[in-house]
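The structure appears below as structure tokens.
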Amino acid sequence: MYSVLLVEDDPAVRAAIVRTLNSHSYSVLAVGTAAEALRETASSRWDMVVLDLGLPDLDGSAALRMIRGVSDVPVIVATARRGEASVVRLLDDGADDYVVKPFSGEHLLARIRALLRRTTPAHSPGGVLEVGELRIDVGTRVVSLAGRELTLTKKEFDLLAYLAEQPGQVVTKRAITEHVWHDSDPGSVQSIDVHVSWLRRKLGETAAAPRHLHTVRGVGLKLTTPS
């Protein structure tokens with residue numbers, strides 16, 4: 001079941017979208033402010049965010065940029081803006097797709113399905129990766145450490161799963177940018193470092209005292225079983 005974070009401040013619209021998504025077996029959490037959206041995208045993993053631009057506490061475009069600062073979750077923006085320049089600006093700010101208001105539930109569902117096809121990682125469904133007490137269920141996208149489930153963002157999960165496919169091996173940052181970020185931009189390296197820092201925190205370790213996630217200076221990363 002895919003998880004969707006819906007960010008919409010209009011109660012009637014929010015309820016209608018939730019009903020539509022639930023009826024098609026999506027798990028939905030609906031929030032009404034940018035602050036709630038930022039908190040959820042930073043602390044939880046989501047398969048999709050549907051973001052309305054008309055939020056009460058922050059301009060939707062600014063909220064989109066802030067979400068992009070903490071997560072690579074796919075984002076569909078709901079907007080009343082129809083001009084080409086407005087759409088280009090939204091895509092440049094980090095939107096993966098958009099729907100123009102008013103839109104039907106079927107239209108939104110089609111956009112969500114199409115975006116999920118493009119962004120769902122091509123890992124083998126149902127596989128389980130284990131590195132020491134770290135268990136990664138690729139099919140359900142659930143990670144646990146010593147039996148305790150961890151809450152990871154989509155990109156954190158993808159990074160950890162990619163490293164776990166090659167346990168004990170040094171994986172270059174270039175390979176990570178290409179296979180996890182699907183990008184060859186050198187600027188992605190900084191994003192990798194940020195996500196590694198978040199991952200270490202959730203694994204209960206630090207760069208100075210790593211247990212699972214090790215940095216090989218000037219080369220890349222490796223995931224190992226603690227000695």
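Glycine is treated like the rest: Cβ placed from N, Cα and C.
Where the annotation comes from TrEMBL, it is an automatic prediction and has not been curated.
Per TrEMBL, the features are:
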type	residues	note
DNA_BIND	126-225	DNA-binding region
DOMAIN	3-116	domain 'Response regulatory'
DOMAIN	126-225	domain 'OmpR/PhoB-type'
MOD_RES	Asp52	4-aspartylphosphate
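For Asp52 (4-aspartylphosphate), the same-chain residues 6+ apart in sequence whose C-beta sits under 8 angstroms from its C-beta are Val7, Glu8, Asp9, Asp10, Val13, Gly60, Val77, Ala78. Mapped onto DSSP helix, strand and coil, the DNA-binding region (126-225) counts 34 helix, 25 strand, 41 coil.
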